[in-house]
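A.B. asks: Pasting the relevant annotations from TrEMBL:
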{"type": "BINDING", "residues": "Glu190, Asp336, Asp339", "note": "Ca(2+) binding site"}
{"type": "ACT_SITE", "residues": "Ser264", "note": "active site, nucleophile"}
Amino acid sequence: MLWLRFLGRLLLVLIGLVLLLGMGGWFWLRGATLPQHAGRLALKGLSAPVEMNRTAEGVLHIKAQTDADAFFALGVAHAQDRLWQMEFQRRVGAGRLSEVVGKATLTQDRFLRTWGFYRAAEQAYVGLSPYALSAVDAYVAGINAYLSTNPPLPLEFRLLGFRPEPWKPADVLVWAKMMSYDLSGNWRSELQRLQWAAKGMAPERMSRLKPPYPTDAPTALQAEDLQLPPPTRPDGESARSLLTLAARLPQALHLPGEQMARASNNWVIGPSRTVSGKPLLANDPHLGLGAPSVWYLVHMEAPTYKAIGTSFPGLPAVVIGRNERIGWGVTTVGADVQDLYIMEEVAGGYRYKGQVEPWRIRTEVIKVKGEPDVTLQVRESRYGPVINDVVNNPGARPLSLRWTSLDDTDRTMEAFLGIARAQNWEQFKAALALYNAPSQNFVYADVDGNIGYMAPARFPIRKPGHSGLMPVPGDGNWDWQGYLPQDQWPQVYNPKEGFIVTANNKVTAPGYPHTISLEWEEPYRAQRIRELILAKDKLSIDDMVSMQQDITSLLFREFKPVLEVLNPLSENARQWKARLLAWDGVMRAEQVEPTVFQTWYTELSRLPSKEVGQDFWEQPRYLLAAMRQGDPACQTADTQTCLDYAALALDKALDRFGNNPPRWGEVHRATFPHAILTNVSPLNRLSDRAVPHGGDRYTLNRASYDPANFRMTVGSSYRHILDFADLERSLFIIPMGQSGGLLSPAYDNLLQKWASGQYLPMRMGETGFRTRQTLEPQR
């Protein structure tokens, strides 16, 4: 038996060696892919030493002797912690992902090259002010100086087998263009309506499927806030004359990807409604979740640039945050700043105002890893690129896109730099005057007790009869008539109500003379914020925390009366009806009721699927109107009325889980997929994260999900709460962590804090640094 004992000992030794080798390999890989955050680093391009320190959570604090050196250091830090993310983003914006990934992303690259984001970024750079140019140039210099040190590269570069090229200024500005695209979707709505019209759908039916904003729902501005000069132009709303043209277009254009629901909350409360007698401001942008986080927490201190908040890796600015006097937050307006024009193609070009104008042709060469280059001929009219050239659709009338983000002049980057330097409302407005896109609701507060709101953008002035809901002929008769001047933008300063709320709901109150948009998010989040503000005489920072974490479903409140009159088809459904009616509508992750309600609602949303060509139709006001008033779509082989349909939907919902539905958090998990590795097993176990999460698309703590599997895809990407009684008591948080390094402790060290509703202190003062690094000029 000695040999068995010997084999046992040998096996233990071998296991130990494997573990040691594995640990050694892990430590080697960690050292080979993660940057150094301590000590001294000499870099060419600095004018003086810069302190670059990080807290235990990884929050970056930069202290520089010049503004340019501060932006240089931000470029270094972003490159240290998010180099792969930045590389991925600039390649997406430039339509160059296929160079390193292969033909899998060729369609996406063709689409992005056709739109011309990178060309627009190059043009925007030329038009910046000297200060903005200095900031962008210094930031790019910081990235390139870091790359010149031959630093450890993130694992993704090793897996794909390439090294990053030096950065250019357009690489910075192109991601701002991509964020504008991500937050703008009117062109899709126009195209959808056009396709419906081509199928013979009447405008009245379109309006029922996509109802207008409720007249009794909250707006960001109240009627009493309107203090505008006389309107520049009248505006109209009719698209019926386009039906004939729509019938000539193909039934569908197969465009890459579908825009996910993006949204945000912000509110600011004036001194008369707070316990401290000073303003409180809260903001949480809702974006697609991913790994790493889209945001990066930073404090920058330089002679004229002192701000703390969150930045985009790839951009030299605190995008949302505060300085020592003012603070701000943003949500998406959803302004209609895009139009599709149907061009009449003739020999030699297209017809415009009775004359033939030639197409502007640009040649795009797309390099594809492992494949021959692809050459793309992009046509442009005076409006913009012909977007349906992306797909092979012979015979289709050209659709040309007019969009403010593709204008040659775009000083949005400059606006963000100015916002963080503003010391009062007038300087804040002056910075916003430069803003182009994406259109945002900016709320404002300052230490003097003032609060304000402005929605900046290039809002197009359309001719009467052009609502922006449908494509129009590109013959010169429907051209924009300029842009709204700043004094016509939606805005208010120290409103009588004492607070301002925006949650992607309608911005303007009755009486506002311009059309900003005709499509808005549902009003549920805005209603809930107002409810909670008005429920107390005075509010504190703790109330702000509770509001941001609120998961009470006003969607359930709306659909509860439908449940009350429902005639269930089975005993199990009758029991669940009673259980749901007794439920408080709070979407807790540990409860089963949210699962049953959301599954029932998802089944209801299939109602017009054949008609609209989508499996799920996320339009609760359409569904409610159908349940209350009836709808032709309810007349099926199995149902005669919409309440019949709702009863059958409840049975299908219960059948989905075999009459044993799970807790909401078991199926509704906030998922953070890696852009590249999420589809690569087993590496996705290293890169991706998921945590149980409460809420739904319409709760304040927003948690939008894929209706096919309830996987949460959109949520709060950043939260901050600013307390103007003592700005150093302000709070902020992002999901995941500060690092994009897969093996870094800071890759996901904030995830559980974020998921459980915790925050980090948002302090400019030293809070105890874990690492200290000094950047020095290279002699």
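Note that Cβ sites are derived from N, Cα and C of the backbone, with glycine treated the same way.
Curation plays no part in TrEMBL annotations; they are all automatic predictions.
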A.B. asks: Work out how many Å separate Asp339 (Ca(2+) binding site) and the residue listed as 'active site, nucleophile' at their Cα atoms, rounded off.
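C.D. replies: Cα-Cα distance, Asp339 (Ca(2+) binding site) to the residue listed as 'active site, nucleophile': 24 Å.
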A.B. asks: Could you state the whole-number distance in Å separating the C-alpha atoms of Ser264 (active site, nucleophile) and Asp336 (Ca(2+) binding site)?
C.D. replies: 18
A.B. asks: Beyond Glu190, Asp336, Asp339, what residues of that chain have CB atoms within 8 A of the centre of the Ca(2+) site's CB atoms?
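C.D. replies: Not counting the recorded site residues, we get Asn186, Trp187, Ser189, Val337, Gln338, Leu340, Gly468, Leu469, Met470, Pro471.
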A.B. asks: For Asp336 (Ca(2+) binding site), which residues of its chain lie six or more apart in sequence with Cβ-Cβ distance below 8 Å?
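C.D. replies: Expected: Asn186, Pro460, Gly468, Thr515, Ile516, Ser517, Leu518, Glu519.
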A.B. asks: What are the sequence-distant neighbours of Glu190 (Ca(2+) binding site), meaning same chain, six or more residues apart, C-beta distance under 8 angstroms?
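C.D. replies: Spatial neighbours, sequence-distant, of Glu190 (Ca(2+) binding site): Gln338, Asp339, Leu340, Gly468, Leu469, Met470, Pro471.
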